[in-house]
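Residues or ranges marked as NAD(+) binding site by TrEMBL: 16-19, His23, Arg50, 90-103, 123-125.
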Amino acid sequence: MYHNIMKTKCKIGVIFGKFYPLHCGHIYLIEKAITQVEVLHVFLGCEQLRDLKLFEASHMPRQPQVSDRFYWLKRTFQNHQNIYIHVLNEEGIAYYPNGWRDWSDRVKAILAKHQVKPTVIFTSEQQDVVEYERFFHCTVKLIDVNRDFINISATQIRDNPYKNWQYLAKAARPFFVTKIALVSKQNQFDEIAQQLANIFNTVYVNNGYSNYFHYDHYGKIPISVTADDYIRIAKLQAQRIDEAALNANRVLFTALDFVTLQQSFQNMFHKEDQTLNELINKYPFDLVINYHDFNSKHSQLSIFEAVLEQVRNQLN
């Protein structure tokens, strides 16, 4: 079907961007463009060193990879059968605003591979119009140049993703959710974690670990628990975190992190588990607060205030 569409004589549009990260301004540009053409090709530009420098100059919690950005685009426009996403590797090309000829040659190679001849390029950047016309010999249409409709830029979001949360693409938000675990051996922190979720108007993922294992009054795990039990509950916890992140408001709270679960596994079975290590890497927590770091003789109020202060410092 793809090639059949490409070979017909129709209006074919092109959009370029880093989508670092994808935000409502990008979405508006793409949605408005697709109303004017039969087919739209979106090029996701990536260059390892440039992208790293942008990340290092940002306040993003971790660096979005090309696969993340590609997923955000695919997920956001999944209902458009006539929008195609291409990864444009810009390695070895002089940085913008230089390198137009080499850059356009690389774009043309991808277009030629798919037998695509664009009839219009859409952009929000006035300064790029002349070069687009020069190298692609097609119409260039400007959309929301002055950001009158959506006043946001990827630079602003990179500088403060949480202040600009409402502009982040819904598909991108789970990547940026701050994950905070309040860990306690006998659920002493569960109530505070739920209180924090209420205060910050977000979601709480309860401790499926303790619910599954049922601690006895000494706080020990029954000897009948198997290594497979650990892995099942870890995968379930990961699934619940993924689901919660979809609806989280900037931050989510939970009563279990995977480092703690791995430590418990080691104490029980005197070895590490590879699946748990993979979950540790896939689900890095921004803050882990352990109940054992507090004096149990302190009042609930003083512990609550101390925890709240740590959370506020993490989110600021």
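Every residue, even glycine, has its Cβ placed from backbone N, Cα and C.
Sequence features annotated in TrEMBL and their locations in the structure.
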| residue | record | CB count, 10 Å |
| --- | --- | --- |
| Phe16 | NAD(+) binding site | 20 |
| Phe19 | NAD(+) binding site | 28 |
| Glu90 | NAD(+) binding site | 22 |
| Ile93 | NAD(+) binding site | 20 |
| Tyr96 | NAD(+) binding site | 15 |
| Gly99 | NAD(+) binding site | 14 |
| Asp102 | NAD(+) binding site | 13 |
| Ser124 | NAD(+) binding site | 19 |
